[in-house]
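**Q** Take this structure first; my questions come after.
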Amino acid sequence: MQFLGRRKKLISSSQSDLYDHCLQFYGQPPLDNISLIEFETFAVERLKLLKTVENLGVSYVKTTDQYIKKLEAEFLSLNFPFRAEVDDRKVPGVTSEYEKRRKDHISHFILRLAYCQTEDLRRWFIQQEMDLFRYRFGILSSKHKTEFLHKNNLKYETVSAEEKKNLRDKLINSSYGLSGITLEEYDFYRVPFQDALDLVRTRKVYLLAGNAYIPQNEIVTIVLNDFRTRLSKALAVTARSLPAVQSDERLQPLLSHLSHAYVGQDYSIQKNVGKISLEQIDPLSGKSFPLCMRHLHKALRENHHLRHGGRMQYGLFLKGIGLTLEQAMQFWRSEFVKGKVDADKFDKAYAYSIRHMFGKEGKRTDYTPYSCMKVILSNPPSQGDYHGCPFRHSDPELLKQKLQSYKIAPGGINQILELVKGMHYQLACQKYFELTHSVEDAGFSLNHPNQYFTESQKLLGGGQGIKKEVEMSQKSQENPPSASRPSQANPKQAQEEMGDLDSFFQDE
């Protein structure tokens, strides 16, 4: 017992040492015991932070004041650390800096488990963590940057004022944006040149006696390269260990959903039940549907049929915007009977699945409309399918043609295709929203097809109900003067397990 007590003391001391700096390389895994609720909360809140990092990184230049202020606001709202000193004072209702750092540490390792599973997930996770690290390192003072480097065995010494004065002209000529005045304000680091090959290659640093003299604004490049290398190796190791973790029946469902978790408003609760008529669906599809649902609606009208993946994605979306069970039954039946399915076959093969979707059959589960991550990452479309995300699953040339057919300006199409090329599929859809609604800034971060519809209706309807839409011609496009900000929804992770619903949608 004495040995165990001593070991606990050592572990406690080790954990405390981890949090003596607000930034870390996440080299040592957490040893704490946490509840499943805390496990899920930490993971979802870090995921929200990384999503914000991704959105801001595309919308703003990463070193601008606007980018820094918005990211700092997100840090504050989610209780993540960005201060240099630990504040041990206990203030009621205020999370201590130590607890914020503990949360930062644990949440990073939880998302490692969720995002080590595929190459695409690893690439996304590494990029967002690097951008997050760059921001946090950039706001550190010179003293705390040096402390961080030494703590992580990066023994890069700052150049003394005397040496800086002796090398004044050489440092100014070799470093971009420096003058005699700014040189005095800048710290320089002496780094072995082999650790700064990227900077040496681009001739951004002065070399002397095997060392590179790196200005403070460039040292982050070296630290980021080190961070990327460590994180990439750690994710590979985590992936090999994942089967053992997934065998834990408590963690496996949480980890399965985290990689495509939706952390916004819950759209399983219908707020506009019965307020949409079937006659409104056609005009609404051209004005307020995201591209994925517009594509599905068009395919359904043309082919009078959708395979099970399309029916699930589109059916749950329609349920989310307010279609009742009776309306949904009438909608699908009227369309299918125009094709090769007669009324009897529809009642036998398809009606049960629609009732099941509304929680009226089987397990009586009230199923949730698909989020963007669910659409992007699960069940990719095959030949003859129309579901999925057009920005993720369409050939770029076909996507371009589709956008042209919807009268998107060439400049806007190029912006969308650039976002698609960078694998920012939700941001591409958000840009599509801005272009089709003639607004410069959508005023929200898009995470859900039903969110797209709701925000569109706020712009077009002005809160006076959706009935105005049916009075407008499907071909007309209203250009609202400005975007209104959405109300803040309580963060909640949507549970999107579809259970045995797939089996009810299978084609014969």
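Note: Cβ is positioned from N, Cα and C throughout, glycine not excepted.
Pulled the feature table from TrEMBL, pasting it below:
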DOMAIN    283-453  domain 'DNA primase large subunit C-terminal'
BINDING   Cys292, Cys372, Cys389, Cys429  [4Fe-4S] cluster binding site
REGION    463-508  region 'Disordered'
COMPBIAS  473-493  compositional bias 'Polar residues'
COMPBIAS  497-508  compositional bias 'Acidic residues'
**Q** Taking 10 A as the limit, how many CB atoms besides its own sit near the CB of Cys389 ([4Fe-4S] cluster binding site)?
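**A** Around Cys389 ([4Fe-4S] cluster binding site), other Cβ atoms within 10 Å: 27.
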**Q** Show, in sequence order, which residues other than Cys292, Cys372, Cys389, Cys429 on the same chain lie with their Cβ within 8 Å of the centre of the Cβ atoms of the [4Fe-4S] cluster site.
**A** Pro290, Leu291, Val375, Ile376, Pro390, Phe391, Arg392, Tyr425, Gln426, Pro449
**Q** Mean pLDDT across the domain 'DNA primase large subunit C-terminal' (283-453), rounded to an integer, is what?
**A** 91
**Q** Any idea which of the binding-site residues Cys292, Cys372 has the thinnest Cβ neighbourhood at 10 Å?
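**A** Looking at the binding-site residues Cys292, Cys372, the Cβ with the fewest others within 10 Å is that of Cys372.
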